[in-house]
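Reading through the C-alpha cells given below for one structure.
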Amino acid sequence: MLDGLKMEENFQSAIETSASFSSLLGRAVSPKSVCEGCQRVISDRFLLRLNDSFWHEQCVQCASCKEPLETTCFYRDKKLYCKYHYEKLFAVKCGGCFEAIAPNEFVMRAQKSVYHLSCFCCCVCERQLQKGDEFVLKEGQLLCKGDYEKERELLSLVSPAASDSGKSDDEESLCKSAHGAGKGTSEDGKDHKRPKRPRTILTTQQRRAFKASFEVSSKPCRKVRETLAAETGLSVRVVQVWFQNQRAKMKKLARRQQQQQQDQQNTQRLSSAQTNGGGTAGMEGIMNPYTAMPTPQQLLAIEQSVYNADPFRQGLTPPQMPGDHMHPYGAEPLFHDLDSDDTSLSNLGDCFLATSEAGPLQSRVGNPIDHLYSMQNSYFTS
C-alpha cells in the first residue's frame, strides 16, 4: 500500500517538473520578428523598434532621400521620413506664398486657408491685415474693405459699350447692385456724376506679356502679378483688372459659341422635319377622309353575313313560345322585306351615304335591338 502511494507521488512530481520545463522553453523560444520596412524575418543580433514595430538597422532610412535616420524620424503611412522632407510633403502650406508653415509659427486663418502673418495682406495695396480688420476673400485673394469698394465703383462705372468683353458672374452681380444704388440716389437728386477715370492703353509688348501669362494660368497668384507689373511698368491693380476682363471675355465667347451651335442644331432639325414629314403628312390628312365607299350589293351581302352569323346564338337559349313565327335565332334572312329592284338598292346606298360619318357600325340598315323589338310586337299582336 505504501509503495503504491510513493509511486503516484513520484509520477505527479515528474508531470509538474515537465510542465514547468516546457513553459520555460516556450518563454525562451519566441517567434522571430518581421521587419516593417522590407517584410523579412529579422535574424540580426540587434534591431530597432518604432511605434510597436520592428525594423532592420539598414531599413531605417528616409523614403524620399534614402538617407539613414539616426536620432529622429517621422512616421506616416508605414513609411519613415526625415524632418525636411516630411515638412515639405505633408506640412500645411501658406495660401499666399505656398510655402510650408512651421509648427512654431503664428498663422492667420480665412475660411479654409492658412496664411503667414506677413502674407496675410491685401493683394492691391499690400497692407498687412490685423485682427479685427474687414476684408474680402475673392478667388483665393485677400482684399481690404477700401480696395474692395474701389473695385465695385470701378466695375459700376464701366459702360456696357466699353466693356464688350463681358464680366464674370460675381462681377455682374456687383455691377447690378451698384447700378441699382445709383438709380435710387439719382431719383432723389442727391447723386452727382462721378468723373471717369483715365483709361489705360496697353502697348503691344505689354499685351503680349499678359496673353502669354494668361495662357499659362488664367488666375495668377500675387507673385506672378507683381513680376508682370515690374516687367511692363504698370501697377498691380491694372494687371489684376486686365486678367479679370480677359477671363470674362473668354466666358462670353464660350457662351456665344455654344448659343450659335444650339441655333444651328435647331435650324437643321426644323429643315429636316419639313423636308421629310411635311408633304407626306399633309397628303395623308387630305386623302384619309375620302375613302372609297363599297357598292350597295357588297353592303347588303356584308349585313346579311353579320346578322346571320353563329356568334349571335352563342350562350343564348331560344325562347320556347308557341307559333312558327317566333324564331329570333333562326336562319331566315334579315332583308326579306326588301325588294330586289334597283330602286331599293339605291335607297339603301343613300342611307349609307347619309350615315357614313357616324361610323361603320351605325351606318348599317338593321340592328339586333330593332329586331328584338319587332319580335316583341309580333308576339303581343298575335
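Placement of Cβ uses the backbone N, Cα and C atoms for every residue, glycine included.
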Residues flagged as DNA-binding region in Swiss-Prot, choosing from 15-74, 195-254, 315-374: 195-254
Averaged pLDDT score, the domain 'LIM zinc-binding 1' (33-92): 79
